[in-house]
Amino acid sequence: MLELRQRGMQQERAVQDMTPTRSFLAILVISLSFLGVPHGATDHLVGDKIFKHSFPNTWLCVFVVVYLAMMGMVIASWFLAPVASLAAFLFLSVIHWGLGDTESDLVPLTLQPLEVLIRGSIPILLPSVLHQEAVSQIFSFLVGMHGDTSSVQSIVNGMSASMSFFIFGWAICFSYHLIEIVRYTNAKGVKDLKLTSKQTRHLISAVELASLTALCSLCPPLVSFMLYFCVWHSCRHILCVAASTFDNSRCIRALMKFGLHALPFTIATLLMAGVWYFKLEQTEWDQQGKQDSSTELKSTLKKFDALSQVIFVGLSAVTVPHMIVTELSMVRQRALEGNVDKVNQ
């Protein structure tokens, strides 16, 4: 009897160690509210260019309906096939983040797929493999209400099996940037070093690979997610959209315009997320193996469970339409650049 009690106390301490504090959850929510959500809240600016030609007077309504329909289909998939939805969300995140972090004009076409895969895998693969218990807990929260949590381990095991490929691919990408740094240095010397030069950009890319790898390997999963998604990915996207859409010569003015355009959809998204969170928090929560936990720990776990579903299921719901809009924007930008090159020739 005493042994069972001690084992239960050890399990509770282990769960408590993996559960973030309420103060950290508050910081995470604030970061997502001011950086994570707004970075995708200006997709309608691209929707203007996509739908306005066909629907000159009602393009915004059409865009919102299509966007919400895609979000609804993704959320429905989490109820119907949560494990498959989790796997699809992780894969799409790898592609989306990899495309966002890879500079296509800096990496040769033959190496681009590998660079996209490696860069996108850093914030997902490394925490999942190096912090398996904490990540498995989050994954279990995501599929636990509508699926079999035992299937989560098969996803984590699959990611662990791919680590050797990741290490090999990472070494190739990192070595390529180092070789290019040496090549440009030998060709032009240090005197011609400029921020926009390819030599400097290769150096920045190599530093990015190393620093993001260290961040996602050493920090707890939610900390690395917050820093990568909110600070790195979202800020980078906000700056790029603000510069390309508004005024690339006046940073503050461009960011202010970005904020004004992002505000309506940011508020709407946060309101929907808030309603969803409070609805989940009020539902009966009885995770297997947590019945004997203390009242305070149980309350924190309940908040963490609800918040995990809102953040990651909600994030997957906006990832699909956001990816489509982002890629359409990039295709349009490349087409415009190609037309400009033809005119100059």
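Using N, Cα and C of the backbone, Cβ positions are placed for all residues, glycine too.
Straight from TrEMBL, the features:
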type     : residues : note
TRANSMEM : 21-41    : transmembrane segment
TRANSMEM : 53-71    : transmembrane segment
TRANSMEM : 78-99    : transmembrane segment
TRANSMEM : 155-179  : transmembrane segment
TRANSMEM : 200-220  : transmembrane segment
TRANSMEM : 258-278  : transmembrane segment
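Counting Cβ pairs under 8 Å to the transmembrane segment (258-278), the top-ranked stretch among 21-41, 53-71, 78-99, 155-179, 200-220 is 21-41. When each of 53-71, 155-179, 200-220 is scored by its Cβ pairs under 8 Å to the transmembrane segment (78-99), the top-ranked stretch turns out to be 155-179. Long-range neighbours of the transmembrane segment (200-220) within the same chain, counting only residues 6 or more positions beyond its ends whose Cβ lies under 8 Å from a Cβ of the stretch, are 20, 101, 103, 106, 118-119, 122-123, 126-127, 130-131, 134, 170, 173-174, 177-178, 180-181, 184, 193-194, 227-228, 232.
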